[in-house]
């Protein structure tokens, strides 16, 4: 809660208003974002486990539903943080002697942001998008596509599909089957984590741009931040190895 300050030159205050308490509370709220992030990681991992073991659960315990709820919490928290920070910045710029109703100002800004909510917002949530992509890819590996997706692949040579899947297991740098695959968010290609990290670091040390090593790819300025763990592919590779051992 904001309080009165006897010195207008104190750090974190403007006029008679001190924002140190508000900013401290903001910092605490930001740590809650990591809890939401961890929850999304757990829900994603459980969802992939369910696909891998082909376990059916009721809609009440759907991981898709859990991920949507986490994404909604993340959006709401981001809106609240944005509303508070925007209000603080505005009051500091105004430098008014009169103490405004900060709670009312924050609520107005927060509601304005919430009123703009749409399902399209989830496309900006990296973990949610990654979850949907990996779930779709793993279902495809196990032949669990939706009817619509299955219709698209119906009639396609099964051996060709298997061969294509196995080709996707090969790192374009090492030319070996991947153990810890990472995906490039920009172009969608996958690589062995250690190999691509070493390649990017080597290029950047020489002040050069790192190009995607996949032949024909137009992504010519790779960053470490472009890489994300490809959990679905890792599981597919492990499953492929297991089947291969069982057939020998």
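Placement of Cβ uses the backbone N, Cα and C atoms for every residue, glycine included.
Per Swiss-Prot, these features apply:
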BINDING   187, 189, 212, 217  Zn(2+) binding site
CROSSLNK  92  SUMO2 cross-link
CROSSLNK  109  SUMO2 cross-link
CROSSLNK  127  SUMO2 cross-link
CROSSLNK  132  SUMO2 cross-link
MOD_RES   1  N-acetylmethionine
MOD_RES   118  phosphoserine
ZN_FING   156-242  zinc finger
### C-alpha spacing of residue 187 (Zn(2+) binding site) relative to residue 127 (SUMO2 cross-link), in angstrom
17
### Query
Once 187, 189, 212, 217 are set aside, which residues in the chain still have Cβ within 8 Å of the Cβ centroid of the Zn(2+) site?
184, 186, 188, 213, 214, 218, 219
### Task
Report the nearest neighbour of residue 189 (Zn(2+) binding site) in space among the recorded positions 92, 109, 118, 132, comparing Cα positions.
132
### Task
According to DSSP, folded down to helix, strand and coil, what is residue 127 (SUMO2 cross-link)?
helix
### Message
Give me the CA-CA distance between residue 118 (phosphoserine) and residue 187 (Zn(2+) binding site), in Å, as a whole number.
### Response
26
### Query
Of the residues in the zinc finger (156-242), how many are helix, strand and coil by DSSP?
38 helix, 12 strand, 37 coil
### Query
Cα-Cα separation of residue 109 (SUMO2 cross-link) and residue 187 (Zn(2+) binding site), in Å?
37
